[in-house]
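Per TrEMBL, these features apply:
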TRANSMEM  B:33-53  transmembrane segment
DOMAIN    B:84-288  domain 'ABC transmembrane type-1'
TRANSMEM  B:88-107  transmembrane segment
TRANSMEM  B:119-142  transmembrane segment
TRANSMEM  B:163-187  transmembrane segment
TRANSMEM  B:224-245  transmembrane segment
TRANSMEM  B:265-288  transmembrane segment
Amino acid sequence: MTRNGPVALFFHALVVIFMLAPLAIVCLVAFTPENTLSLPTRGFSLRWFEAVFHHPDFVQSFWNSLWLAVLSATLAVALAVPASLAITRYEFPGRGFLNALFLSPLIIPHLVLGVAMLRLFAVVGAAGSFGWLVAAHMVIVTPYVMRLLIAAISGFDRSVEQAAFSLGASEATVFRRVTLPMILPGVTGGWLIAFINSFDELTMSIFITSPSTVTLPVRMYMYATESIDPMMAAVSALIIGITAVAVLLLDRVYGLDRILVGQH
Amino acid sequence: MSASLPDAAPAAPGDETPVRRFPTAPLFLSGPAALLFAALVLTPLFLTALLSFNQFDYATGRTGGFTLEHYLAVVTDEYYLEIFLRTFRISALATAICVVIGVPEAYILSRMSNPWRSIFLLVILAPLLVSVVVRAFGWSMLLGPEGPVNGALIALGIGRMKLLYSEGTVVVALVHVMLPFMVIPVWTSLQKLDPAVEQAALSFGASRATAIVRVVAPQILPGILSGSLIVFGLSASAFAIPGLLGGRRLKMVATVVYDQYLSDLNWPMGAAVAVILLAANLIIMLTYHRMVEGHYRRRLG
């Protein structure tokens, strides 16, 4: 009874093609031996991948993005673990406000956050600093981490912690040996989704990066508005590859459908 | 957003434990994150709201004083009116197409059996995680003058068409980026649906179409509504798609803010447009929350 008719399956095939076509063409064109954006009809070539690795701007932006994503994801998790413990386990004045504040970057357009942070950095004289860029990325990835952590913390059995307490374990030991291992899927899942979101972020970053801190998506945006050659396709194919690895990891440690379907 | 807020509201079970020995504990625990958000969300938004009321001197680039001229410009200047209207039109069209494609697709997915169901759910949702610049670039190649779409048009005898830098292209690419945001909430509400109810309708002699329209559709309506508002809000503030596929002439709200800030350097004007965009987004989201909560209260009451 869970069968779809032929019309439904045809419709479904069209939707799948629609969703995959832009990604597929990028990956194909990346292997072209030609000088222009074209499908590789006369054999495959890696020359444009090589060009990317010899392009100092793209290489530097790649490392910027990687460090930015690693640092902001790690620091966001470090702040979000205690904050989600406070929100799920304690009743205190301002709890609802804090919860809404921590999730607010999901409903504030990144464009607005970008111009707002540009203004702040201009006022405090921090324009273009990498440290402030990390802090800005922490803000936009924290809500994703918080949601997984709040779900993980509210979903687990407190009696295990109480057993550890009653056997004489200190609070630090209980957190390290009991609480943390139990919420670990939420922590690693949160870290990965934070990493992906930071690594991909364009709209906010374009306002607050300086020539030395330009991230990969910002570099690609700038490059695509000026000139278009197959190098752009090669960078895109690499990004699709990195994202695919992260997605597979995420699926292993947490379950992609759980993250995505719980996302909005 | 909508899914997690209600979840987080009730305190975790097992509150009888003596964790409340230190009433200051939640302060210490949430303090660092709260400081970060106060410094990097509340303060900059406040500064930007103030900035939008500042005067701007084109000759010196200095800002200061108090004026409402930027907000007045948005409602009186034809340039801004046209951009807001265009943004509204494009976002509404993208939302409508997402409903037409996303709702049946979510329904078809929910009627598949595993492993196909998980695989295709991944295929539909995973592009969400690929950078939007990459996806916009993919569309510019598909629809470019030498791209496969034009190739097919030529082969069909229709001839080459100029597809890039048009509203249609922006809408198509927006639909591609936003479709997962429509499928997710509809899928979620379909999961809550008891298939036996649809079965009952069919066994009482209802046609397939009647069963869908009279039984399934009313129950997934909140999901469709939720998806539409998310898609509309995200489309209205989309930056990369109109920036890369709209060209110089086809401006939307986000690309205008970008121009004001980084080309014209008229920050107060850009700030005013950004504040309006934020206000519109918040109004949409809050209206939605109120509507959905009202809906569930009626159903439960």
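Backbone N, Cα and C define each Cβ position, glycine as well.
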Mind pulling out the one from B:33-53, B:88-107, B:163-187 with the most Cβ pairs under 8 angstroms to the transmembrane segment (B:119-142)?
B:163-187
Which bits of the chain, at least 6 residues beyond where the transmembrane segment (B:88-107) starts or stops, bring a Cβ under 8 A of a Cβ in it?
124, 167, 170-171, 174-175, 178-179, 181-183, 186-187, 190, 212, 216, 220, 224, 227-228, 231-232, 235-236, 242, 252
For the transmembrane segment (B:33-53), give me same-chain residues lying six or more residues beyond its boundaries with a C-beta closer than 8 angstroms to one of its C-beta atoms, as numbers and ranges.
63, 66-68, 70-71, 267-268, 271-272, 274-275, 278
Same-chain residues at least 6 beyond the ends of the transmembrane segment (B:265-288) with a Cβ under 8 Å from one of its Cβ atoms are 1-2, 45, 48-49, 51-56, 58, 61, 63, 70-71, 73-74, 80, 225-226, 229, 232-233, 236-237, 253-254, 256-259
Folded-back contacts onto the transmembrane segment (B:224-245), same chain, C-beta under 8 angstroms, at least six residues removed
2, 87-88, 90-92, 94-95, 98-99, 102-103, 132-133, 136-137, 139-140, 164-165, 169-170, 173-174, 177-178, 181-186, 251-255, 258, 277, 280-281, 284-285, 287-288, 291-292
